[in-house]
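Accompanying notes for the structure given below.
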Amino acid sequence: MDLLSLSFVLFLAVSLAAYYLVGRICSRVQWLVLLAASLAFYCLVGRWQTLAYMLACAAVTWAAPLALARMDARCKEERAAAPDRAARRAVKAAWARRRRAVLVAALLACFGILAYLKYWNVLLYEVGLAASPTSLGLLLPLGISFYTFQSVSYVVDAYNGRFEPQGNFLKHLLFVSWFPQVIQGPINRYADLGPQLLEGHSAKGVPVRRSLLRFGYGALKKYAIANMLVGTIDKIFSNVTPDIPGSVVVFGILLYSAQQYGDFSGGIDMVEAASSLFGVDMAENFRRPYFSVSLADFWRRWHITLGTWMRDYVFFPFAVSRPMRALGARASRLGEHLGRTLPACVANLLVFLIVGLWHGAEPHYVAWGLYNGVVIALADLLAPAFRRANAALRVDTGSRAHRVLCVARTFLVVNVGWYFDRIYDFGDSLLCLRNTLTNFAPQQFFLWLAQVGVRDSDLKFMVFTAVACAFVFVVSLLQENDVDVDGHILRWNCVVRGLFYSAVLGLIVITSFLTQNAAGGFMYANF
Amino acid sequence: METLVVLAVIVAVDALCSFALEQYGSLSSVMWSEYRAAAGESIDTVVVGSSTAQRAFDPAVLDATLGTTTFSMATPAQPLDDSYTAAKQAIEDHHVRRVILGVDYESLSNENWAGSHVAFARAKMDGESLSQAVADYWKLLVSPAFFGRADSLCALFPWGYNHVKLDPGSVVANVRERLSGDSTLEAAAVVNGGWTYYGNGYGNYDNVIDYSLARKDTSVAIHGLDDFKETCLDQVASIARLCREHGVQLVVVVTPRPAFNVLVYGEKYPEQMALLQQVTEQEGATFVDANLLHAETYSPQDADFGDGEHLNRDGATRFSQAFAGVLQALDAGQDVGTLSYSYDNWDQYLASIHQISAVVSRLDVDGGGSATVTAQTYTGTDVQVEYRFLLVDKDGGTTVLQDWSSSDSCDVPRGSHGTVMVCARQVGSASDYERYCVQELPH
């Protein structure tokens, strides 16, 4: 079921009608409609056979915090009954160990399922014990990484006492299975999403027109940009040979840059819009990432919820761990800046290694993750040198020109990273990088594209993608300058608005037609 | 109110775009309008299927031999579920006693193309009551091929699916044609340059295939090579069941094509076609692969084909005459399976090809810039082939790179420009070539 389809529209319409109808009768049970819709959606879109994995994940992450809460209560009782301070401390330490054991067991269970389903076969294949990365026939549940990470955040936050754990399993299951997030995120936090799902909503407060506008904007990115480019990118990078011209590689990578953004952020726009129709606002996942001024900034704007998840559950705990503190202390002997940043640099390397592995166990993903980690770590370490250089060269770092330069530099750095992400063989990634620098050969550009099967019509039809990209660029630029673009459009004269919507719909219709049978679902649906 | 105005503007723009961009005089609309015009006439046989069927069977030729009244409901790129719809309509309207389903490899291996569904449904809607038209279109939108996909919403803008070329000249011509008062049939003749209508739903072109372009003309080059889809085989079975339930004879015919376009599939062809034959015969229908008919039943000539997949008018006439003979044999209770080679004895078919159907070439350039042209002929297993490679410069001057020999590859001297002409003939032949192709060299 595509998000832009009659089946999804009907599914959404029936769910919304049921939700607001039940809300009129009894808003306290409104959430049950959301749960029913979410489970139905999971069975319709994913494979119903994999529902058990999500139920298992939900059961584990529901039970563990309740066990932790019970342990807290027992600990309190025992401490109250303890005769002296030493005994109280001993009781606390004993229960802390047990709590940690429960936490570790829950994390192992969640990540164990994820690791087995997502990585085991690839691992066996990489060491030559499986015929192919999918030869075991393991069914990868829809959105497994997203609901696993979300559920784990719930357990860790509950462990840290951030909220009272949810006692009702079905309510917790709704948090895990909320259907708009299950395809490709975002990774929501319980404190933000949980209450919204469970409280009653009335149709009156829903910003329907804004939601529809956002849905259309997402569909434009998905169909007019991502789907239009996927075929050409495939043709280019399925035919990497030692003499592939650098000009073709750069073209392919730039297309991938647009495709990746169009696919992921477009899909997120569509699901955010669908969720907001129920009065439920999910976490934002993109904030115009190609306007970032550094790679670190890029990761604060691209897949934001994964970035914050990594920051809260990997980076901070690791960076302030005892060994890292010790490393920082030792490094500070070589300089205050090094002592302060070195633990963060190591933590960044770990974070991006995990981000790489999260995308897949293949070497090219690991290389992509490490590339990002190394660049960010080096940028941190060398920050004083950059500052001194700027001062020596009298660079006005607050100027618009400097900002534009930083944006362009970051775009370049990000795109070098895409070499490792998109070219599925690590050796080919290096080869393409080398040819970009040493064999650009622009004169072979069209001949090579023709040889790999990119037709003239494919290139000609990219004019539609170019129009869509220009539109997205203008909207993004305005949003970057704090302009409420949606608000402006909604204030337009209704005839002008009708004509504008017709133009956007026309673009979606044409590109959808041109990409029939070529593009599948969302890239991140398999994560 | 504001929302209604916005919706009204969108609907108005959609209608305007449909008027300007939606193909007026599509072959689907010709078929349906002619079919409706024949409402009062007796039709006892219909041909359904895609363009290969549309251009293979001449109803007048069949009728002249068999004494039947045949109408062709085949339309370009007609998916099998639309063939079902067409057959069902003919059974309901005319109680036909025979349905001929013309298919080719791609009818069963390719995903349905939403554009042809829309064109078919829109053409069918044209002469229907509003309620029937809405019901028909809704049926299309909720059909399995559309319901879960963007097509189910985008097809509400049909101009996006069944449009003329998106250049000003084509759009203006389309609008002019609509406003001219020409009938669908007259418009079709204008829009489809070279196409002529011969009656009973049948029209065809007179063009003849250029065998030197075979490399681009193979279906594998155009559509790729996939196995038959289970859903497509199920759809054939559905058509067969529909016919059986109504006491209608179904003949599933794999339409003729040049031998190279059969050989290009390699072993896939007998393997996959055997599945189709099995499904067809299991459902009680008759199966005929026109490409495998013995030469005494049907032997196409080189000039019978318009391209790698379609017969031209003369070819369709010749094939229809031969096929009428097959149907006569069928009516006489003869086992028509004996008229052709079987997939189990594929080698016999390969040995039955006594000419070179086509030669194609490939260019390999290594890292150092050395180029090699390699030729491949499509021919029978017993045919001995020899090749000659000529360098043709921009002015048309030729230089022999490699004279007649059994070697199928030739190194191109560095710095050569222009094209390499690859000639192929049977050993012992004195002709300049039987088939040739041209290989472009890099600039």
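Positions of Cβ are set from backbone N, Cα and C atoms, glycine also.
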*Pick from A:139-156, A:247-264: which range has transmembrane segment per TrEMBL?*
A:139-156
*Mind checking which residues of the chain, 6+ beyond the ends of the transmembrane segment (A:341-359), have their Cβ under 8 Å from one of its Cβ atoms?*
119, 145, 306, 310-311, 314-315, 318-320, 324-325, 327-328, 331, 365-374, 376-377, 380-381, 383, 421, 527
*Mind checking which residues of the chain, 6+ beyond the ends of the transmembrane segment (A:365-383), have their Cβ under 8 Å from one of its Cβ atoms?*
294-296, 299, 337-338, 341-342, 344-346, 348-357, 359, 413, 416-417, 420-421, 426, 429
_When you look at the transmembrane segment (A:404-420) alongside the transmembrane segment (A:139-156), do they share 3+ Cβ pairs under 8 Å, ignoring any pair fewer than 6 residues apart in sequence?_
no
_Should anything in the same chain at least six residues away from the transmembrane segment (A:51-69) have a Cβ under 8 Å from its Cβ atoms, list it; otherwise answer none._
39, 42-43, 99, 102-103, 105-106, 109-110, 113, 117, 141, 144, 147-148, 151-152, 154-155, 158-159, 164-167, 169, 172-173, 176-177
